[in-house]
Amino acid sequence: MGIKAPKITTILALPETSLWANRRCLAICAIVAMANMQYGLDSACLAGIQAMPGFLKVFGYENPAVNGGYAIGRTFQQLIGSFLTLGAFMSSIFAGFFAQYLGRKPALWAACALTAIGAAIQIGTDSQSAVYVGRIVLGIGNGFLVTFSNIYNAEAAPAHLRGITVAFFSIAVNTGSIIGAAVNNATQKRLDKSSYQIPLGIQFLVPAMLTIGLFFVPESPRWLVNKGREAEGRKSFETLRGDSMAAEDLELEWVEMVKGIEEEKKLARSTGPLDMFRGNDLRRTLLCYAVIASQTGSGSWFVISYSTYFMIVSGVSVDDAFKYSIMKTGIGFIGVGMGMFLMRHVLGRRSMFTVGAFFQGMFMLSMALVATTSPGTVTLRNSIIAFTALYNFAYNAFVGATSYPVATELVSTRLRAWSVGTSISLGYFLAWLTGFCSPYFINPEALNWGAKYGYIWAGSNFICGIFFFIFLPELKGRTLEEIDELFERRIPAWKFKSTQTHIHEEALRVVKDRDDIRLQDSKDPVELVEDAKN
């Protein structure tokens, strides 16, 4: 008897395997997502050391009129935040050049070295100029860490878990923020240099752990296939999937991925920065830019960078401000968990953005209204504490958890490093703009708006919510290759969810044809004659 042909049925979608079945892929993505802890550590460190007497004795000036007895110059305050952003902007915008020749892992290793060097420069100097250099170097490393870690996790994960693996970004950032805030609180009463050198020193933690962890991480299979290294890509793909799915499902996902990348190459004239703004890629690029810009448009950079200082100038004691900063960050961490659950089981990508923008805007507006009606009161102080915590919860549960998954999904594999890299550069530029302008609004030496600054961010959130409701397509549950097809067919945003794609059926047909060929090759001549007669 000959070997029977496998029964081929039409599979509408790949099976959604469990978290436990995908434990290997999730563990690998968690190692890569650790890169984003550096962003959280540095943000918490910067927000805290600006209010530490030990730091202000070296880089600030004595001012008995403010809490703590020392103040920081507006220019220095602007530049220590701005130069980090400048460095991140520089590295993110050139991520595409790096990705043309080297993979995701080499970029992350290079970033580890740069962040360690940047932290070391800041720890070992009393010079403001040297601090600026350290901030730029650290920023360059941070830009690569954020860009390539999120690209990797988007390319490595199965479609139904992609939102979770890329949302590891928020878990890592908040973990770093909690550690940074806790260390700040432990050292803030010290009056010597160790008060800020210790928080800066913990920034060696991520480069050390990630450098070792990357030895256990395979290169992105999509990057390898895109570079023509299909055998290596297949090995990497099998490592990531492990035993999470049946052999026929694994083969089908692999064929769909390869076929999608090949089709994209056929349609593309070249791979370069200008291709982001040609044809269908223009729409994808602009949406990607809008998603990343919404992080700044929500007011998150203001809350992340200036919350502790903001509380102090608003009347909260130095000691309480550091404690409330830890509380705020912890609440944000809970928000991340809720956001991942909502994104996986309840809401689509577009709903996450619109709902999040509404709540964020309401919390900012409420804080500003209290500042207008009850200035200089205990009510205002308590409102600032409450609404910044609630805002942090909402941001991490919605826009913070969703922005990087959507940004990496929106763009093509061929241009992902270019598109995501330049969009993150735009995000860093807007963050720099926020960091540069915020002191003018909140610093007592300038406009001294205090919590009234929330009016600006409330309006910005509402505008973002309206934009995403109208223009953002729903991508939940789609493979990256399905998303490529939908954009190539110019499907309107409101029809993405209901439109049937063809890439899966084409991949299924390829797998069936291969099985038929293998079956024919396995038969002896007598069986082939009998098949022909029948």
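Glycine is no exception: its Cβ is also placed from the backbone N, Cα and C atoms.
Summarising the annotation, TrEMBL assigns domain 'Major facilitator superfamily (MFS) profile' to 28-476.
Within its own chain, the transmembrane segment (79-99) is flanked in space by residues 42, 46, 50, 106-107, 111, 118, 131-132, 135-144, 146-148, 223, 272-273, 305, 415-418, 420-422, 424-425, 428-429, 431-432, 435-436, which lie at least six positions past its ends and keep a Cβ under 8 Å from the stretch. Annotated transmembrane segment per TrEMBL: 79-99 (among others), in sequence order.
According to TrEMBL, the feature transmembrane segment maps to 130-152 (among others).
Away from its own ends, the transmembrane segment (164-184) comes close to residues 25-26, 29-30, 33-45, 47-49, 52, 146, 149-150, 153-154, 156-157, 198-199, 202, 205-206, 304, 308, 322, 325-326, 329-330, 332-333, 336-337, 339-340, 343-344, 396, 400-402, 404-405, 408 of its chain (Cβ-Cβ under 8 Å, at least six residues beyond either end). What TrEMBL lists as transmembrane segment is 164-184 (among others).
What TrEMBL lists as transmembrane segment is 196-217 (among others). Within its own chain, the transmembrane segment (196-217) has Cβ neighbours under 8 Å at 28, 31-32, 34-35, 37-38, 41-42, 44-45, 48-49, 52, 54-55, 105, 108-109, 112-113, 115-116, 118-120, 122-123, 138, 141, 145, 176, 179-180, 183-184, 186-187, counting only residues six or more beyond its boundaries.
Residues annotated as transmembrane segment in TrEMBL: 286-304 (among others). Sequence-distant contacts of the transmembrane segment (286-304) (same chain, six or more residues past either end, CB-CB distance under 8 Å): 43, 47, 177, 310, 353, 356-357, 360, 364, 388, 391-392, 395, 399-400, 403, 406-407, 410-411, 419-420, 422-424, 426-427, 430-431, 433-435, 438, 453-454, 456-457, 460-461, 463-464, 467-468, 471-473.
Counting residues 6+ beyond its ends, the transmembrane segment (324-343) has Cβ neighbours under 8 Å at 44, 47-48, 163-164, 167, 170-171, 174-175, 177-178, 181-182, 184-185, 307-308, 311, 316, 349, 352, 385, 388-390, 392-398, 400-402, 405, 476 in the same chain. What TrEMBL records for 324-343 (among others) is transmembrane segment.
Residues annotated as transmembrane segment in TrEMBL: 355-372 (among others).
Among the features that TrEMBL reports, transmembrane segment is placed at 384-406 (among others).
The feature transmembrane segment is assigned by TrEMBL to 418-442 (among others). For the transmembrane segment (418-442), the list of distant contacts is 74, 77-78, 81-82, 85-86, 88-90, 92-96, 99, 139, 143, 146-147, 150-151, 271-273, 275-276, 281, 284-285, 288-289, 291-293, 295-297, 301-302, 305-306, 309-310, 313, 407-408, 410-412, 448-450, 453, 456: same-chain residues at least six beyond its ends, Cβ to Cβ under 8 Å.
Here TrEMBL flags 454-472 (among others) as transmembrane segment.
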